[in-house]
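Now, the feature entries from Swiss-Prot:
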type: REGION; residues: 1-226; note: region 'Pyrophosphorylase'
type: BINDING; residues: 8-11, K22, Q73, 78-79, 99-101, G136, E151, N166, N224, R330, K348, Y363, N374; note: UDP-N-acetyl-alpha-D-glucosamine binding site
type: BINDING; residues: D101, N224; note: Mg(2+) binding site
type: REGION; residues: 227-247; note: region 'Linker'
type: REGION; residues: 248-454; note: region 'N-acetyltransferase'
type: ACT_SITE; residues: H360; note: active site, proton acceptor
type: BINDING; residues: A377, N383, Y384, S402, A420, R437; note: acetyl-CoA binding site
Amino acid sequence: MSLEIVILAAGQGTRMRSALPKVLHPIAGKPMLGHVIDCARQLQPERIHVVIGHGADLVRERMAADDLNFVLQAEQLGTGHAVAQALPFLSADQVLILYGDVPLIQLDTLQRLLAQVTPDQLSLLTVDMLDPTGYGRIVRDDQGAVQAIVEHKDATPAQRQIGEINTGILAVPGKRLADWLGRLSNDNAQGEYYLTDVIAMAVGDGLVVASAQPLDAMEVQGVNDRMQQAQLERHYQRLRAEELMRQGVTLLDPQRLDVRGEISVGRDVLIDVNVVLEGRVVIEDDVRIGPNCVIRDSVLRRGAVIKANSHLEGAELGEGSDAGPFARLRPGSVLGARAHVGNFVELKNARLGEGSKAGHLSYLGDAELGANCNIGAGTITCNYDGANKFRTELGDDVFIGSNNSLVAPLKIGDGATTAAGSTITHEVPAKNLAFGRARQKNLENWKRPEKIKK
């Protein structure tokens, strides 16, 4: 059967106390709405319709994609009214209704829900709660069949004792939806058009109302304030940490890892505390990551080591290479096999060949280094003239003395050496020694200045 999905994302989120629309607040670095859309896409629907209201332009701008149809709900008059805004665009056999502020919903749960939908049967997602205050209750008959959903404010004292609640997630036969929505009334305590009233209508029309429950109740936890957002963030991170450990990663403290992207890991990886992984990160076998590191959109080849307090973005570390502590590798940085970048070294768009080393206190930008080069402490590539960037190219086996300024554009040949304290402005041929400093002079019997007596 064909499927279309409606995601309700029009709410203001007053309790978030933010100018940002609630559904754009992040979980693991991605807008909550983005998590819901990603899950919805895995169901391969004909179309995904996103109902927007508060902050509509910003939501549309941030989440724009070819497979999304944004539908405006100018006035927020309830969930039933919100779904009705998408009716002109719906033609599928099944319609699944999701929520942009319920970001942890899982594919397996939705598949089980949809499997129960037929032309004469709809299915809703429920969950049992110890404290169901504020939620709509699932009312069943003596045989256990769902009869209705009663919102908390409209519930009788007896109905408020019910622990099974409505999550709001619902899958219905598409051809029935327009009729039900057209019959909704706002004659209730909230003065809104409740989507949940569809359940009683379906029962009255002789349809069966099936139900399913998620394996983890946190899947259907919504976000209304910053505390709930933080709860879901930690729960999500716990799930990601457990997933990594099942794949053979040792986490010294699973509660002190943040994963904010798509991570691929090998076996026997060790990750210390307070590590943040963002974007697309590939970590091969036997990699070691020290504490307090941030790694974004990077590739760590087999046996690479990242030492404490290092920051990598758009970088690649070759097999057996290492960086840190306190190293910064910016986009375009590549370390060859067994290359080494030490403390307080910054690379930007720089490649170090196999076995090359920059041990400490250096900046290498827009540079290409061959194999087995040694960069002395305090060396910088002067790559910017205030208007344009220029490259520095070193051959194999180059030795750069300490405290060198390499003024680009510059080429230094294989096996060349530069003296400590040099400013190198011209090409250095292979196997040459280059001095780029003033000759030392010693003044005999020099007397230091004395303070003037006042």
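For all residues, glycine too, the Cβ spot is worked out from N, Cα and C.
The local packing around G100 (UDP-N-acetyl-alpha-D-glucosamine binding site), expressed as other Cβ atoms within 10 Å of its Cβ over all shown chains, amounts to 29. Neighbour counts were taken at the CB atom with a 10 A radius for the binding-site residues L8, A377, A420; the maximum falls on L8. Long-range Cβ neighbours of D101 (Mg(2+) binding site) (same chain, at least 6 residues apart, Cβ-Cβ under 8 Å): A9, G11, G13, K22, V23, M32, L33, G222, V223, N224.
Per-residue confidence over the region 'Pyrophosphorylase' (1-226) averages 95 (mean pLDDT, predicted model).
In space, H360 is the closest of the recorded positions G78, R330, H360 to A377 (acetyl-CoA binding site), judged by Cα positions. The two recorded residues, N383 (acetyl-CoA binding site) and R330 (UDP-N-acetyl-alpha-D-glucosamine binding site), show a Cα separation of 15 Å.
When the Cα of L8 (UDP-N-acetyl-alpha-D-glucosamine binding site) is compared against those of the recorded positions H360, Y384, S402, R437, the shortest separation belongs to Y384. Cα-Cα distance from E151 (UDP-N-acetyl-alpha-D-glucosamine binding site) to H360 (active site, proton acceptor): 64 Å (rounded to the nearest whole number).
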